[in-house]
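Structure, as C-alpha cells:
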C-alpha cells in the first residue's frame, strides 16, 4: 500500500501589540489556539511580539526588555502550549547573552522541545528602525530545523529582503520558509509605502526556491517617546502565505487581526522542485562574487 503524502498546514498570525508583555503573550496564545482549531501544524507569531517595537528610538532603558534564552518565560509558556496542542511555534524574542544582545527566535517542536535558536543576521539601521543600537549581528548562520511536520527555515524581518538567506535555507533542505516581521510606515517619508514591495520580494523567494513561505507582521499605530519628540510607526500587517511558485494563497489586510491558514502537500512540492531543475542547474563555482561586498572578486 502506497504511503500517504506528507501534508502540512501552516498559519500566520497578525495582531496589534500593546506595551504590556502579559497582554501580548495572552493575545498570541489566543491566536495560536485559534490557528490550531483551524488545523494548523506550524504557527508563526510576528517579530518581537512581547511589546511595542522599541527600536523606533535609541533608549538605554529598553535594554531591560532583553532576557536570557535559557528559561525565558515566554519561550517556556509557548513550549507548554506547543506540547498541549501538538503544534510547532517559532518564538521571537529580545535575547540577552552576557554583554551581547540579539533579535532571536527559538523553534519549539510539537512536543514542546526547544529545537534551537536562530539570531537575526541582517540588522537594519534607519529612521524608525534603529536596530543596530540594540542588536549584535547574529552569529548562528542560516539554519534549518527538523520539526515533527516539516524541515523548516526561519529568518527574521530584514533578512527577508536578501535572496541569499532564503537560498541558504533551501539548500539545507528547508521545505517551508518562515519570516516573523515588524514593518510599517517610514517616519521620515509619509509617501513611502513598502508593503507591496515587501510582499513581492518574498513571493519571489518562494518561487525561486520552489518552497512555500509564511510571513507574519504586526498591525496598529505605535508611538515611542524620544528626546526629539515622538516617533510613530503604523504597522501595515499584510501577513501572507505564498505557495511554491510564489502564488499568494492566503493574505491579510492592513488593519484587522488575522489567522491565516494554508495546507501544502510537501511530497508533491518536492517532486515539482526536483523536476523544475533549479537545484540541478546551479553553478556554485560561478557565485564567488557573492562573497564580496562590492563585486570586486568575480570568477575568472
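Any Cβ shown, glycine's included, is placed from N, Cα and C.
Residues or ranges marked as domain 'CN hydrolase' by Swiss-Prot on the basis of sequence analysis: 8-266.
Long-range Cβ neighbours of residue 47 (active site, proton acceptor) (same chain, at least 6 residues apart, Cβ-Cβ under 8 Å): 92, 103, 156, 157, 180, 181, 182, 216, 217, 218. A coil conformation is recorded for residue 47 (active site, proton acceptor) in the three-state DSSP classification, outside any helix or strand. Under the heading active site, proton acceptor, Swiss-Prot lists 47, citing sequence analysis as support.
Feature annotation from Swiss-Prot assigns active site, proton donor to 120; the stated evidence is sequence analysis. Residue 120 (active site, proton donor) falls within neither a helix nor a strand when secondary structure is assigned with DSSP, and so counts as coil. In sequence order, 102, 103, 104, 135, 137, 138, 155, 156, 157, 158, 159 are the residues of the chain that are 6 or more apart from residue 120 (active site, proton donor) and have a CB within less than 8 Å of its CB.
Residues annotated as active site, nucleophile in Swiss-Prot, with sequence analysis given as evidence: 157.
Other C-beta atoms found within 10 angstroms of the C-beta of residue 157 (active site, nucleophile) number 26, with every protein chain shown included. Within the model, the domain 'CN hydrolase' (8-266) shows a mean pLDDT value of 97, rounded to a whole number.
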